[in-house]
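Features as listed in TrEMBL:
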type: REGION; residues: 1-23; note: region 'Disordered'
type: COMPBIAS; residues: 1-10; note: compositional bias 'Basic and acidic residues'
type: COMPBIAS; residues: 11-22; note: compositional bias 'Low complexity'
type: TRANSMEM; residues: 40-59; note: transmembrane segment
type: DOMAIN; residues: 114-250; note: domain 'Peptidase S54 rhomboid'
type: TRANSMEM; residues: 123-144; note: transmembrane segment
type: TRANSMEM; residues: 156-174; note: transmembrane segment
type: TRANSMEM; residues: 180-201; note: transmembrane segment
type: TRANSMEM; residues: 208-227; note: transmembrane segment
type: TRANSMEM; residues: 233-251; note: transmembrane segment
type: TRANSMEM; residues: 278-300; note: transmembrane segment
C-alpha cells in the first residue's frame, strides 16, 4: 500500500478451548455441561467483509481512476474490479482515496470533520485481497469457536467494541496516515480468550499450558505489528478492550453450581461465582469505562498520544537499517 495506508494484520490460530471436546483430543479440557451454540454471526461477519471488499473494488474502478499513471492495473481482465498497480498497493486492493471515501480511519476527519462513525466503519474495510483473506481466516478460526461456547450476543459485542477500542487507540497515536482492517476486533477476541481462561481458571485442566500457548500467540502477533505499515496501536487497543470485556462477559459459573441439581439433599450450597470472579468483573468494568471515556475525550479534543508518551511510537514501528518509521 502507499505510505499513507496502514493495514491491521491478522491474528494467528489460538489453542483449542472447546468445552465439549473430548479430553483425549483436547489438551485444554473444560469441566462444564453448558450447551454449545450454533455459530451464525461470525460467518455473517465474514460474508459482510467480503461483500464490502467487492463494493470497494467496484467503487475504486481502477481502469478509470488510474488514467495518466504509467503502471497498469493488476488483473485488468477483471475490468472495474481490477487492483491498483503493485507499486501503489502491493496487497492487491483499492487506492487510498477510495478507502477514505468509504470510511477508512483518518484522524483529521474524525476530529475536525466530526466523522466519529469512521471508528466503526474502518473495521469493515481492507487494504487488499491478501489483507482480507488473512483476517477472514483468523476470524473463522478464532470467532467460530468462541461463538460456539458463548453465543452470538457476547461474541458480537466483544468483536464490535474491541474494534472501536482499537480505532480509538490508533487515532490517538497515528494521525498522519489512514488505517483499515478488522484485526483490532480480532485481537479483541484473542484478549477475551485470555481473560476468559484467567477468570474461569478453576474449571480448566492443563491450564498452565493453555495460558502459555495463548501468551505466545499474542506476543508473536504483536511483534509482527512493529513492522512498518502495520497499525499495531489498533492491535493493542483491540486486545486490551477484549481482555477487559472477557472478564465482564465471559465469566462462567462454578462447575459444582451447574451440577447442583445432582447433589444430595442437605449438601452445602455452592455460590454461582467465586469471589475473585466478582472482583475481576468489577475491576474490568471500571477500567473499561474509564479507558473508553479517557480515550474518546482525548481524541475529540485533538490530543496527540505521542506527546504524553515519548516512547510509545516504538510499539507500532521499530526503525532498522532496512526501513524508516518517519512516515
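Just so it is clear, glycine is given a Cβ too, placed from its N, Cα and C backbone atoms.
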Same-chain residue ranges lying at least 6 outside the transmembrane segment (233-251) that approach it to Cβ under 8 Å: 6, 8-9, 150, 154, 157-158, 161-170, 172-174, 179, 181, 183-196, 198-200, 218, 221-222, 225, 273, 277, 280-281, 283-285, 287-288, 291-292, 295, 315-316
Per-region confidence, the domain 'Peptidase S54 rhomboid' (114-250) (mean pLDDT, whole number): 94
The transmembrane segment (123-144) vs the transmembrane segment (40-59): 3 or more CB pairs under 8 Å: yes
